[in-house]
Amino acid sequence: MVPQTETKAGAGFKAGVKDYRLTYYTPDYMVKDTDILAAFRMTPQPGVPPEECGAAVAAESSTGTWTTVWTDGLTSLDRYKGRCYDIEPVAGEDNQYIAYVAYPIDLFEEGSVTNLFTSIVGNVFGFKALRALRLEDLRIPPAYAKTFQGPPHGIQVERDKINKYGRGLLGCTIKPKLGLSAKNYGRAVYECLRGGLDFTKDDENVNSQPFMRWRDRFTFVAEAIYKSQAETGEIKGHYLNVTAATSEEMMKRAECAKDLGVPIIMHDYLTAGLTANTSLAHYCRDTGLLLHIHRAMHAVIDRQRNHGIHFRVLAKALRLSGGDHLHSGTVVGKLEGEREVTLGFVDLMRDDYIEKDRSRGIYFTQDWCSLPGVMPVASGGIHVWHMPALVEIFGDDACLQFGGGTLGHPWGNAPGAAANRVALEACTQARNAGVDLARKGGDVIRAACKWSPELAAACEVWKEIKFEFETIDKL
């Protein structure tokens, strides 16, 4: 008898989903300490049960395919398959569910974030049974975390290298981000560092354009660093962006920065790729360079609430791949960032052991097994009036970057840097004395203005500047 073949467009799709549930939905499964765990926010297509979708996610991101194949009998699928072991509805949302999937550790190459992401956030995100899918969190087990080098140096080693303790670090992105000549760029770097900043920074899209080739920029910036260090007696740095069209060119630029003796370089880890970033992090560990990481392109991936990858996952990926700094949002500036959610992934970047806390978006307890921490970078639309909130939110182990908030000072770059340095030290001193910066931060800034005309001028310029938009990224 010849079997009947269904030719309707949806028939094969339905059959495939039903097959997944039989094998990959296992609510009785006991999670192992070595499993990599994922929390997915699923929006099923109309009429598709969440159990079928959860099973499809587990299957398509591990061993499954759309039909039964004879080679299944040549291996142990029970050993290697992903398993959807729990599904819960999302409160306040229609037809959205959190699916928890456990993956055996043997599915992934040791020390490879690229391989991890290729499986977990690969083809499954285009699966027809799902209207939308978002990876909310990952649990990296100690057995897998220990296969990674992680950040080249970490927070404490960075402080030892630059000899700065007891306060947050201050930075500034040079503006305009594009169009300056190398010499004028170096001049702006020098003025900001001399004025009191710890770091200045290339913008993420500064690479090697016709108006400013990378080697010229590196040379003038190195001169600015050495001159400002000689005049202030402090160790200074500039995040030289080594991101390039090829990995070979990237490493060439990193080596030039090392030869010039600068302390830190920069990389755009999402646009350049995780493999390139891991190679660069290993190089920085070997040569003593600090590595600043920019997250350009992240909002394309993480901003929508129901589809993509949450930034806490991208932050975990960076901690595995390697970076000493990572931009993390500000809560109070011009860029997206809700307070509790931001603090949740900031803790995942800095701390060694983080407890599960759904109120902050942390779905799993994470043990980093002494992997070095990543310093969060707050940047984007911040100025001196934001300083109390930034100190209260981020504490000391953070880099606060004021681009326009430094270079937009009416008296120039160096006074802008001085205003930020005075504001930071005033807020830090007040906090250490027991002042509640959330309630009395404005009074602290106003009091400091009496002793700093640069700060007073900055406060006058930016007293009315606010970015009061409702955040999209909510729990």
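For all residues, glycine too, the Cβ spot is worked out from N, Cα and C.
Listed features, source Swiss-Prot:
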type: MOD_RES; residues: Pro3; note: N-acetylproline
type: MOD_RES; residues: Lys14; note: N6,N6,N6-trimethyllysine
type: BINDING; residues: Asn123, Thr173, Lys177, Arg295, His327, Ser379; note: substrate binding site
type: ACT_SITE; residues: Lys175; note: active site, proton acceptor
type: BINDING; residues: Lys201, Asp203, Glu204; note: Mg(2+) binding site
type: MOD_RES; residues: Lys201; note: N6-carboxylysine
type: ACT_SITE; residues: His294; note: active site, proton acceptor
type: SITE; residues: Lys334; note: site 'Transition state stabilizer'
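Location within the structure of each feature annotated in Swiss-Prot.
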residue : record                       : contacts (Cβ under 8 Å, 6+ apart)
Thr173  : substrate binding site       : Thr200, Lys201, Asp202, Asp203, Ser379, Gln401, Gly403
Lys175  : active site, proton acceptor : Asp203, Gly403, Gly404, Leu407
Lys177  : substrate binding site       : Asp203, Asn205, Val206
Glu204  : Mg(2+) binding site          : Asn241, Thr243, Asp268, Thr271, His294, Ala296
Arg295  : substrate binding site       : Tyr269, Leu270, Phe311, Leu314, Leu318, Leu326, His327
Which of these recorded positions has the least crowded Cβ, counting other Cβ atoms within 10 Å: Lys201, His294, His327?
His327
Among the binding-site residues Asn123, Asp203, Ser379, which residue has the largest number of other Cβ atoms within 10 Å of its own Cβ?
Ser379
Near-site residues: Mg(2+), ref Lys201, Asp203, Glu204, CB cutoff 8 A to centroid:
Thr173, Ile174, Lys177, Asp202, Asn205, Val206, Tyr239, Asn241, Met266, His294
According to DSSP, folded down to helix, strand and coil, what is Lys201 (Mg(2+) binding site)?
strand
